[in-house]
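What TrEMBL records for this protein:
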- 20-43: transmembrane segment (TRANSMEM)
- 86-107: transmembrane segment (TRANSMEM)
- 119-139: transmembrane segment (TRANSMEM)
- 145-170: transmembrane segment (TRANSMEM)
């Protein structure tokens, strides 16, 4: 007598799901375009980093584990090397930011405010990690005027990013059928 065949339907999660991987790729491409077009928003030699918004949106939608979030952040850090005046800092600051976002999306909070709060905090963590690393490596000691300027860019970017992600999370979440 033949045994019954059992099929287990295992749904891949995080970056192991092809749809999630495609979403992250598209978001990174959008981040590159925004980064290249954000020159008009420059404050001195610094400009907002909208790659943070794209990886925040990706992480919010796909809920990767911490290792996958670190990979997303590291890739964003590699992309952020395009046109930067302070090379290598983005590798660490973006990785820290992405892992922060992965941790923040695990905190229970209302759906309506989750994109806003998580993206705001993530951008601030990433931005101030960048500023701190810059103070330790490139400008030690960092002049107060430079710190204030970089901090201002970080705060303005955080506000812009949380608005962008809050707005885009609705259609992207509907498209991905993953809004949680």
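Backbone N, Cα and C atoms are what each Cβ position is placed from, and that goes for glycine too.
TrEMBL annotations: computationally assigned, not manually curated.
Given the structure is predicted, the values throughout are model-derived calculations rather than measurements.
Packing against the transmembrane segment (145-170) from elsewhere in the chain are residues 43-44, 46-50, 52-53, 56-57, 60-61, 115-117, 119-120, 123-124, 127-128, 130-131, 134-135, 139, 179: each is 6 or more residues past its ends and has a CB under 8 Å from a CB in it. Long-range contacts of the transmembrane segment (20-43) within its own chain (CB-CB distance under 8 A, at least 6 residues past either end) are made by residues 12-14, 49-51, 53-55, 57-58, 61-62, 64, 72, 75-76, 79-80, 82-83, 149, 152-153, 156, 172, 176.
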